[in-house]
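First comes the structure, then the notes that go with it.
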Amino acid sequence: MAALPTAELSDANATHVASGDVRVLHPVFKVYGQATAFSGPIVTVKVFEDNVLVRELVETKGEGRVLVVDGGGSLRRALMGGNLVQIAYNMGWAGIVVNGCVRDVDDINACNIGVRALASHPLRSNKKRTGEKNVPVYVGGTFIREGEWLYADNDGILVSKFELSN
């Protein structure tokens, strides 16, 4: 799915931005992966320094969806690396937003998928299977719910209660 430019989307949907139906995430995410723009319906997972549930989700058919990983903003461990990002790409995920860290940045940047994360970190995550799938998360200054739409490009990230057009 071709991503629509976030600047144009925010301009064309100014009334929805004002009402809160379209929200702009705080500009704290770094850009990784070859796909600098991506969009799709959202799937959520909430974890803390543990990526077992993240792996379970990326191993399912992505069908053009975007995975939003709320890692609690932890900067102490990576929640995804090159292997999981490659799996996500192979399974048809449009993109990934991580409220936390990634690792294997060179591998991620070689993959044709869009990834946003707070930073990179060399330590791998825990493997305890703690967290929750398909729950509302608070990322980038806003609540994000399963089934909402995410639009990301080099200008930023928008989340909408419904699919947008410009």
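Glycine is no exception: its Cβ is also placed from the backbone N, Cα and C atoms.
A quick note: this is a predicted structure, and the numbers were derived from the prediction, not measured.
What TrEMBL lists as substrate binding site is GLY81, GLY82, ASN83, LEU84, ARG103. Spatially close to LEU84 (substrate binding site) yet at least six residues away along the chain are ASN51, VAL54, ARG55, VAL58, judged by Cβ distances under 8 angstroms.
For ASP104 (Mg(2+) binding site), the Cβ neighbour count at a 10 Å cut-off comes to 21, with all displayed protein chains included. Residues annotated as Mg(2+) binding site in TrEMBL: ASP104.
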Checklist entry - To test your reading of the substrate site: which residues beyond GLY81, GLY82, ASN83, LEU84, ARG103, same chain only, put their Cβ within 8 Å of the Cβ centroid of those residues? => result ALA78, MET80, VAL85, GLN86, VAL102, ASP104, ASP107, ILE108
